[in-house]
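Engineer: One structure is given below, represented as structure tokens, and several questions about it will come after.
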Amino acid sequence: MAAGVRKRGRAGPATRAAGLCGQWLRRAWQERRLLLLEPRYTLLVAACLCLAEVGITFWVIHRVAYTEIDWKAYMAQVEGVINGTYDYTQLQGDTGPLVYPAGFVYIFMGLYYATGRGTDIRMAQHIFAVLYLATLLLVFLIYHQTCKVPPFVFFFMCCASYRVHSIFVLRLFNDPVAMALLFLSINLLLARRWGWGCCCFSLAVSVKMNVLLFAPGLLFLLLTQFGFRGALPKLGICAVLQVVLGLPFLLENPIGYLSRSFDLGRQFLFRWTVNWRFLPEALFLHRAFHVALLAAHLTLLFLFAFCKWHRTGESILSLLKDPSKRKVPPQPLTPNQIISTLFTSNFIGICFSRSLHYQFYVWYFHTLPYLLWATPARWLTHLLRLLVLGLIELSWNTYPSTSCSSAALHICHAIILLQLWLGPQPFPKSIQHSKKAH
């Protein structure tokens, strides 16, 4: 009898959990129309899509031919380090010199050994397939906390994008590695693990420098949350990690390492551009054009920082103060404030990039649903938003790019920017309370 009682006691919680799960699924079926429209069902839809993605990704790997672009170059560059070359100016691959920071070297060194010195391409594809699914999981966790995007949109973010599947499992670029670490960083920031979030952010930067497009938004969030003095330790984590990772190369040739891995003036080839095909090649390569893009980029960042992100009524210099000494009582940042600031910061950088290559699509692909749906706009219906999403996908799938595909991409970017500028931003509750008090 005692044994029987203990057995039923152990089964009780499991039975209740199964019953609750069954009730939830029955309710979801009864409200199946809302299942596609209500953000509260994000995790359920995400689970279904992730299961579907397992099959789709497996099919892509085994049915679509792998295309060699940079993988052999990555392996050759890493092999040079394994053989004892720490001078970045001496590390070369089939497609050119090593131009990524030290974190790239260490991560792809692990892939070098895991894939039989880079020769087992199928193993590498399976590793990147796992990375793709992990990235999706991290992205869905972010969207679940925002409660802004209707779940039906996630189908277009997952199963409908040929280009993104190709970048992950058919091309094996390093961009997905950097973005996976970036989304891990954002999840940590949402969990209020600011130190660990900054650590992962710096690790993502050490794989590829494009992650720095999120840096203005991150700096604004750190100053908002901690003030100047409080933000310094978090910024110190980012800086120290870069030094530690790059130390073997800095000791060998510091100028060579910094000039190669953080080369902001790197020239891009016109034949690979996705976003500026309609320009004459001479203008595309001209330094004055690059300076104009940088000026536009910084101007728009400042406009968003002054007019959209910072709306407390105080001077923006108040961000440098300790939060306890500001006129407006400090409040924890909401998930939408964090996500909106980071995603907008990155998107502005994408809009004014000197060139976008096909693998750069993953720099902002998973943020597009939020940018399109998080801000309410009556003039932009679900259908129009899907049209913008579809045109962006079509532009990135046009190879080689054409004047029309590049122009369409810029038009879509302009629509998203206009919506972000005209739409309301998440408003701190403390400000609403202070206005009511007045």
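Quick reminder: no glycine exception, Cβ is built from N, Cα and C everywhere.
Feature table excerpt (TrEMBL):
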TRANSMEM  41-61  transmembrane segment
TRANSMEM  98-115  transmembrane segment
TRANSMEM  127-146  transmembrane segment
TRANSMEM  177-195  transmembrane segment
TRANSMEM  201-223  transmembrane segment
TRANSMEM  288-307  transmembrane segment
TRANSMEM  360-379  transmembrane segment
Engineer: Could you check whether the transmembrane segment (127-146) packs against the transmembrane segment (41-61) - three or more CB pairs closer than 8 Å, residues at least 6 apart in sequence?
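Structural biologist: Output yes: the transmembrane segment (127-146) sits against the transmembrane segment (41-61).
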Engineer: Can you say which of 41-61, 98-115, 288-307, 360-379 has the most Cβ pairs under 8 Å with the transmembrane segment (201-223)?
Structural biologist: 98-115
Engineer: Below 8 angstroms Cβ to Cβ, which residues of this chain, lying six or more residues outside the transmembrane segment (41-61), approach it?
Structural biologist: 24, 28, 34-35, 122, 125-126, 129, 132-133, 136-137, 140, 143-144, 147, 149, 151-152, 154-155, 158-159, 165-166, 168-170
Engineer: Are there residues at least six beyond either end of the transmembrane segment (360-379) with Cβ under 8 Å to its Cβ atoms? List them, or say none.
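Structural biologist: Sequence-distant neighbours of the transmembrane segment (360-379): 135, 139, 143, 146, 148-150, 153-154, 156-157, 161, 163-164, 167-168, 173, 175-176, 179, 183, 210, 213, 274, 336, 339-340, 343-344, 346-347, 350, 353, 385, 388-389, 392, 396, 416, 419-420, 422-424.
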Engineer: Do any residues, 6 or more residues outside the transmembrane segment (177-195), come within under 8 Å Cβ-to-Cβ of it, and if so which ones?
Structural biologist: 104, 107, 131, 134-135, 138-139, 141-142, 145, 201, 203-205, 207-208, 210-211, 214, 218, 221-222, 225-226, 233-234, 237, 332, 335, 338-339, 342, 362-363, 366
Engineer: Can you name the far-off residues of the same chain, 6+ from the ends of the transmembrane segment (98-115), with a Cβ under 8 Å from a Cβ of it?
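Structural biologist: Counting only partners 6 or more residues beyond its ends, the transmembrane segment (98-115) has Cβ contacts under 8 Å with 74-75, 77-82, 88, 91-92, 121, 123-124, 127, 174, 177, 203-209, 242, 245-246, 248-249, 257, 260-263, 266.
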